[in-house]
Amino acid sequence: MKKSPLLQDVYIAELLVESNVTLEAQTVMSVLNSTNNISVTSSNGQLTVSLLQNELVAECLLVGDDTSCNCSAGYIWSNEVCYSTTTCCTETTCTQNVSHITPLCIAKVHVHINGSVTLPSTTAWGSSHATQLETAFKELNGFEYLNITGNSLINMADFEAAVSVKFVTSKLQEVVTNLENSLTAIVWVDTLGMVTIESPGTTVCYDSTPLLKCTFDEETGSAGWNMSRPHERFELNDGTVVQLTTTAAHQDYKSCVAVRLNNVTGIWAGVYECGFTSGSVRHTAKTELSVAILPDFINMKINPLTADCTTSPVNVPINVSATIPNSTEKYELRWKGPLGNPLTEKPTTSYENKLIFSGETYISCKKVPSAQQITVSFTNSKKQQKNATVDVPVIYVGDQFCSEEVVNGEIWPKTPAWDTAINRTCAEGRVGYKSRTCDGSTWQPAFSYCVNEELNKVVDAADNFKKGLGATQAVAMDIFEGLKNSSLADSGSDDTMADISASIIILNVMASATTHVVLQEGVFPNLIDAASNMLNKTWDGINSSSVQNMSSDYLQSVEGLVKNIKVNKSRGFNSQNLDLKFCSGSDCNVSVFDISVNLNSTNGIIKTIAVKNLMDKLRNNFHNTVPTNLLISATLEDNNDSSLEITLDFPNNHSKLTIPYCVFWNTTERDWSDAGCTVKDSDINHTFCECNHLTAFSVLMSKGNIPDPILDIITNVGLGVSICSLLIFLIIESLVWSAVVKTNLSHFRHTAMVNIATFLLLADCSFLASSSPEKLSDTWCLVLTICKHLFFLAMFSWMLCLSVMLVHQLIFVFSPLRKRVFMFLSSIVGYVCPILIVGSSYVYCKYTNEPYYEKATCWLHYKKLLEGSIHAFLLPVGTVVLTNLFSMVVVILTLVKSTVPDGSKADDKETAKSIIKVVVFLTPVFGVTWIIGFFQLLIGPEHPMFQVASYSFTILNSFQGFFVLITGCLAEQKVREEMLKLHNGKFTSNLPFRLTPQNDGNVHHNCLLPPSGKIKGKKRQHEEFDFNHIHKRQMKVEIMHRNSHSSMHVCSSSCGPTTNMS
C-alpha cells in the first residue's frame, strides 16, 4: 500500500476480541466501521490515529477447551502458527488454540521456487528421488506443488515449486541441507516473490538515468543484478553505465541493492533481475525496463559519392540511405534535402538486423559558399530526436578536383580538391570503411579502417564490458581469447593498421574497465600472447604522429591491465615480445629479458613487464637521443607507499661514445622524462638506473658524443664576442656609409654586408635565448625556433646575393649591374625567400601533424634522411654554401688567370698570397665554414675525426660575427681611413696635407707621398684586398688580351693607393 503524501505514518494493527457470549464477526466489524479515530499509545506518547480501512483476517471460536480457527479468504496461517503447531499449515480449520500468536493469518503471496539437483555421477535420477524432493518441500508452510521440469543429464534434474507464503531463508536452507544429505547431492534454489522490487514502471526516455531498487527482509551474504534479452543474459557490474549500490540495513528492510543506469540506450532495454544470496538459496525479483529507443548509430550513404556539375550544369540526382539498428520502436522519420530541395522517400528495407531508410533528391549546380547537406531525423515515442547529416561533395564548373581512379579494384570517384572520399566497401570478412583525401588535384594514399569482423565483435564485447554489461571474469577470458585469435590472423598489408588500432582500443577499454571490475590472473596468458603478437606486425601505412599516439596508448593500456589484474600464485608469463614476472617480499629481485630489477618494499606484489619492439614507435623528444630496444614497466599491487626506490640494470649494445639517460614514460606529456631517475653507473656492458617512483622505464642514448663543457664555454664566449663585434660593425657602417659608398659596386657590397651582420646578430641572440630549453615554455621554444630558422636563412640568402654579385662583376666586366636591379633581386632572395621557406615548412608540419621543432633543443625536428623540418634549413643552406664555394673557386681562378704568362717567381708568390687572402677574407662572409657541419652529419659521432670537426665548427661559427667585423669591415682601407678621419678630426691644423686653391677654383688634396718620394702602388694593391681590387684586376686582364701593352699608371686625385686604370 502506498503512503499518502498527506500522512506522516501508517499503522497496521490486529484486533483481538474476547467475550463470554457468542459474537458475530460482522458485529465487531460494524463497530469498527462506525469508529473514525482511536487513541494509540506508542513510544512517542499518546497518538490519535484515523481508521482508514478494516478487514476481517481470521476468526477463532473458543468454547471451553474446544477451539476452531479459520483464516479469511485470501489469507493463510502465518509461519509462526505453522511451525509452532506443525498441523496448522494449510487453509483448513485449525483446532489448536493459536489465537494468542501474532500474526495469526497473513495474506497469500505467490512464491515460486526454481532449483536443480545434481546427484553423484554414478547415480541416475529416478522417480524415488522426485518423491524425496517433493516430501522435503512439503515441510514449507503454504506448499502448493512441485514439478520436475527437466532432466538434461542422467544425474541432474531441474524442478519448480510454489508456496503461498513468504518464509524465512533458514527454513528453506534447512530443507535444502536435508536433501543434500539424504540424496548425497548438490542442490541450488532460486525464489521469486520474496523480494520487493521498485522500477520506473513506464517506458523511460532515451539517454535518461533510471533507478531500480530491490529490498529484502533478511540479511544476506551477497546481492547483485542481471539483465536478460531474448537468448542473452548478462551479469551487471560497476562500469561507465552501471552503478551498483548496496545500502545498509533500514527499519523497513535488512538488505537492499540498487542499480542506476546512466544515459541508457537501446541495449539496456530488457528484463532485470536482482538477487540476494545466502548459502544455497538465492532470492530474486524481476521487472522489465522499456526504453524509448533512438538509433545508437546512423550510417548515411550517398550515390554517387560526388555530385559532378561539370557534366550536368543544372541539377545532379542523388540517392541517399540511412542505416540504423533494427528495433521495435516506431520512429517518426523526416528527411531534409540540400538547400531545401525536396526528397522522395523509398520503401524501407532490412538487412542483417539493420533497417535501411532511403530516398532520392538532387543537388543544385548553382555554386553556394556552404556545403550542400542531406539530413535525416528519427523521433521516438517520447518525442526525442536524433539527427544525422551527410555533406555531398560538389564539383562546380572550374573547380579543381582529383580524377576518378581505380586502385586494387577499388573505385575512387572524381572528388573536389581538399575533400575526403569515403569508400564503405571492405573485403569479405571485414567491416568499416576506407578514406582517401584529394590534395589539390593529387590523390593522397588511401587509409583503411576495415577491421576484421570477428575482431569488431570483440570490440563491441569490450565496450559492453566497460559499461558494466556482462563484466565478469568469464567474459573477460573470452574477450582476450578473441583478441589473441585475431592477432594471429594474417591481415592484408592495407588492413594491418586497422586491426592493430582496433586491438589497442580493446586493450585500452579493458584497462579502463578493470578499475571497476576485479579480474584474476587467469586472463594473463591470452592477454600477454595477444599483446606480443601485435608487436610482431609492421606498423606502417600511417603517419608517424599516429604511430606514436597508438604506441603510447598500447603501453598505457598494457601497464594498466598488468597493474589492475589480481595475482594469486603465478610467478609470471612470457611470450616473444613481453616478459611478465611477479615477486613479493621485502626484497624483490627479478630478471625480465636480461633486465635485472630490484625493489625494496615492505609489502605488496611487484609486477614487472619488459617489452620489445615498442621503443622505436614511441615519441622521443628527449634531448638528442636514440631509443634502445627494451622497455620495462614496474607496478606494485596492494601497496601505496610513496617512498620507493627501484634499481634497474639494463644491458648495453651501444658504443661507449654515447651517453645513457635513465628515463621514464610520462603519460601526461606522452614523452620521455628523466625526473626522479638517475644513472648510477654505466659502462660498455651495462647501465644502472635508480628511480624513486614506479612506471615504464628505459634507457636512451645520445646521438652525439658525450657533451663537452669546453664546447659549451667556447659557444657562449664566441656568441658573446660575435654579438659585440656585429654591433660594432653596424655602428661603423652607419658612421662611414656616406664616405665609402661611392660606386654601385661598393653600394652592393656594403648593403649585403649590413644585412648579413644584422641577421647574424639576430640569429645569435635567438640562439643564446634558447640555450636552456628546459626553462622555456612551449610557446617561447616555438618562437625562438622560428626566429633562428628565419634569421639564419636570411643571413645565408644575403651571402648568396654577395657571392653572385661578385661572380657577375668578374665575368661581365662591361655589363655592370644596375643598382635598382640588384636591390630588387636581392630583396626577393634575402627577405621573401626565407619567409616563404619558414612559413611553408611550418604550415606543412601543422597540416601533416609532424613536429616542427624539438622541445628538448628548441631547434628544428630531425626524423631521418629527408624527413623532418630540419631539411627546410639544411637544403637551402647547403645550396648557398655550395654556390658560395663555387664563387670562391671562380675568384681564385681569376687571380691565377691574371698572372702574366712569363711572370717571375715573385709574381707566383704574389698570386699565391692573393689566393690565400681570397680564402681568408671570403670564407666568413660566404658562410663556407658551415660546410664543416655537413661533414659532421656525414661522418657520425663514432668517427675519429668527429671531435676535431666539432671543435672546428664550434670555434669558426660561434666567432663568425668577429670574423665578419675583421674581414668585412676593418680590412677595407677606405673604412679604416674614414675612421681615422673621424677620430683625428677632419679640419685640424696638424693634418698631413693642406688645401690649396687651383686655377679652376676648386679645392684639391695634395697627396702625402712616402718618404722615398715614390708611390708604391703595386705593393699597396697586394697589401689590401677588397672587391674593387678583384674587379679592377679582371678589367686589366681583359684589356691586355686586346692590346697587350696598353696600360699605364696614374695617380688619382684622392688619397689612397695608386689605382690601375686602362
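Each residue, glycine too, has its Cβ placed from N, Cα and C.
Predicted automatically and left uncurated, TrEMBL annotations should be read as such.
Annotated features in TrEMBL:
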DOMAIN    569-707  domain 'GAIN-B'
DOMAIN    711-972  domain 'G-protein coupled receptors family 2 profile 2'
TRANSMEM  717-740  transmembrane segment
TRANSMEM  752-770  transmembrane segment
TRANSMEM  790-814  transmembrane segment
TRANSMEM  821-844  transmembrane segment
TRANSMEM  870-895  transmembrane segment
TRANSMEM  915-939  transmembrane segment
TRANSMEM  951-971  transmembrane segment
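A Cβ distance under 8 Å defines the sequence-distant neighbours of the transmembrane segment (821-844), meaning residues of its chain 6+ beyond its ends; these are 744, 748, 751-752, 755, 786, 789-790, 793-794, 797-798, 800-801, 805, 850, 852, 869, 872, 876.
If you count C-beta pairs under 8 angstroms between the transmembrane segment (717-740) and each of 752-770, 790-814, 870-895, 951-971, the highest count goes to 951-971. Nonlocal intrachain contacts for the transmembrane segment (752-770), taken as residues 6+ away from its ends with a CB within less than 8 angstroms of a stretch CB, comprise 716, 719-720, 722-723, 726-727, 729-730, 733, 776, 781, 784-785, 787-788, 791-792, 794-795, 798-799, 801-802, 805, 826, 830, 858-859, 925, 960-961, 964, 968-969. In the domain 'GAIN-B' (569-707), helix, strand and coil residues by DSSP number 3 helix, 76 strand, 60 coil.
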